[in-house]
Every structure is written in structure tokens, then in C-alpha cells.
Amino acid sequence: MADVEELQHENQSPEKKPRYKGKHDKPKPWDDDPNIDRWKVEKFDPAWNPTGMLEVSSFSTLFPQYREKYLQDSWPTIESALKQYGVACKLNLVEGSMTVSTTRKTRDPYIIVKARDLIKLLSRSVPAPQAIKILEDEVQCDIIKIGSLVRNKERFVKRRQRLVGPNSSTLKAMEILTDCYILVQGSTVAAMGSFKGLKQVRRVVEQGMRNELHPVYQIKDLMMRRELAKDPALATESWDRFLPKFRKSNVQQKKPKSKEKKEYTPFPPPQPPSKVDKQLESGEYFLNENKKSEKKWQEKQEKQTEKTIEKKRMRDASFVPPEEPVQSSNNSNKYEEGKKDLTELTQSLKSKTKELKKQKKTQEKVNAEEYIAVTSGDKSSKKKSKVVRD
């Protein structure tokens, strides 16, 4: 009987309805409506909420001291911009904080979240005219914290500079490609734009700070995607074959080959002796604690004496007279040659003086009359008479 009833039940309902997990997960009639654009952000109409807010909600944030003067000057413009949406704001210079809160005139329930983002951007050094744009429905913001991504400070500064680029060219290129306003300040990156652009900015910043991919390569990828998006034929196709692939190449440096080739041994190297093995070899392991302490004290005293001797030697070294420079072999040879020349000169002078003395002695003995030739007797008599007169 039960089998017959089951067969009848199956015949009655041949098409079973699909079951859904949740109570409200059933398909709705407007899910397949082609006229509805689900990505469109509609502008808020105050007529949707005529009664206003039931509860007062507020947000506050602190700002650094160097922003105090700027905020004080630009606060009237911020206050007038928030007043249009029925949001009250307060600047507390004593505590160094900014506060925004809803009022009875507030109609848009999400505007308080936008006001919270506004004071966050102002505290992160975003200019007031740019930060006020966050109150628009199409503009969103994202504050990316990069301080915890890199531990080393020098490396952090280097990678943060990559995001800015030379003469802030990389940052300008990213702003053009993502249609976002980007400001790198301290340990955060503040970005303002659409949801799609903010997602791209976050990916570029995080991968650049983690050293996964350089921002320049990310910009090339974004440029390719922008060009591919213009072609409607590629809207349903995968773009992986067109996009460039940047892979990390770990170039291993070749170690210099040693000249001496080590012989291959199948046995592993001997295990180095442990602290206990060294104590067993020296016999220290079997000593008492008192003897161990005495031994340590003796070693300490020996080291101290060695150090004192070394320091004394260093002190005495300053009083040691410097060694006189030794004449080189060339100078000594020249000196010897000079000596030889002097001896030769003295000998030659001595020999010349001896010769002169001998000549003088010989001149004294010789008579000049013997060498004079007499021609006649008169002349000889005259000369003789002259000689006598003398």
C-alpha cells in the first residue's frame, strides 16, 4: 500500500521545486530585470527621510600638532560644507581632536560615515578642498597602513619612495590610471576615488611595500588593461594572454672555485666535541664547585695580568727613542768613492810638492856663468868688472 501511495504522489508532482537554505533566499521577480542597474549609486533625496534621525551618533579623531594651524585656518569652510548636510562639527585645540555629530536637520543616515572619513583625511594631511569631496556619493576613501609591512626603517623609506617615484612621476601615473587622488604621508597612504580605483591602489601599494612587484610594473599592467577595456570584442574573453608577466629571477652568483680539489669521502665530518666532552678531557667535570670557582678565579687573574702587561708595554712604547735611519748602500758606495778620490788627490799633491822641493835645491847649486857664452875678451872683462862691482 505504501509503495502505491508513493507512486501516486510522484505522478501528481513530477517537477520538484528546488529547496533553498535560507528563508529569504528564494529568487525575486526583479533579479532578472535588465532595466535595473545595480551598480548605479543614486543620489539621496531628503524626502526619503522627512522625520530625521532618532539617535545622535558622533565620531571623533585626533590630529598631529603640525596640522593645528592649517585646520584652524580652514575650519570655517569645513563647517559650512558639513552644515549643508545637517552635520555639526567641533575642533578642540586643547585635546587636539575633531568631532562630527548628527543633528535634527540630518536626513541622510550615511552622511555621518562620510563626515567621519572627512576628519580622518584631514588628520592625514589631505588638503581641505580635496577632503570635502568625500561628502559626494560617488567618491569613497581608503587609508592604507604601510608602517607594519616593513620592519627595517631604511628599507621602509626606500620602498615608500618607490611609490612616489622621481619628481612624483610614479604617483601621478597611478592617479591618472586609477582616477584616484593619492597622498603618501608618514606611515599611511590616503586614497580617494571609486571602489574599483581604490582596490587597484591598495593592490599596488601593498605589493610594492612587500617587494612583491615594483610599482612601475603595476603601472604597465594597468595601462594594458585600460587599452584592452576599449575593445568590446574582448569584454567576455580572458586577458591573461595579453597582460605582461613579471617573474622574479633569483640570479645565483657562482662561487669562486678553489684551486685545491678536496678528495671525496663518503663519511660525514666528525662531530665537534660538546662542552661536557671538553670538561671530561680537561678533568674539570669531576671537580667540586669550590675547585671550579678557584680555577675560574685563577684564569681570570691570569687574563688580568696579561692585560696589565700588554697595557704597560703600550705605555712604555711611547718613551722608546726612534731608530736612526740607516744609510743606504748607494750612499755608502758614494762615500767610499769620495774617500778614494781624496786620498788620490792628497797623494798627487804630496808628490808634486816633493818634486818642487827637489827642483829648488838643484837651482841653488847650478852657476849661471857656466851657461853664458863669451865671444871676446872685452866683453868678458866688462862683465867681470861688473860682477866685481856688484
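Just so you know, glycine gets a Cβ as well, placed from its N, Cα and C.
Since the structure is predicted, the reported quantities are computational estimates derived from the model, not experimental observations.
Marked as compositional bias 'Basic and acidic residues' by TrEMBL: 1-17 (among others).
TrEMBL lists 27-36 (among others) with the feature compositional bias 'Basic and acidic residues'.
Summarising the annotation, TrEMBL assigns compositional bias 'Basic residues' to 246-259.
The annotation compositional bias 'Basic and acidic residues' is assigned in TrEMBL to 289-316 (among others).
Residues annotated as domain 'KRR1 small subunit processome component first KH' in TrEMBL: 57-137. Secondary structure of the domain 'KRR1 small subunit processome component first KH' (57-137) per DSSP, as helix, strand and coil residue counts: 40 helix, 17 strand, 24 coil.
Per-residue pLDDT, averaged across the domain 'KRR1 small subunit processome component second KH' (139-230), gives 92. What TrEMBL records for 139-230 is domain 'KRR1 small subunit processome component second KH'.
The feature region 'Disordered' is assigned by TrEMBL to 1-36 (among others).
According to TrEMBL, the region 'Disordered' annotation covers 246-341 (among others).
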Counts of helix, strand and coil residues, the compositional bias 'Basic and acidic residues' (289-316), according to DSSP: 28 helix, 0 strand, 0 coil
Intrachain residues whose Cβ lies under 8 Å of the compositional bias 'Basic and acidic residues' (27-36), provided they are six or more past its termini: none
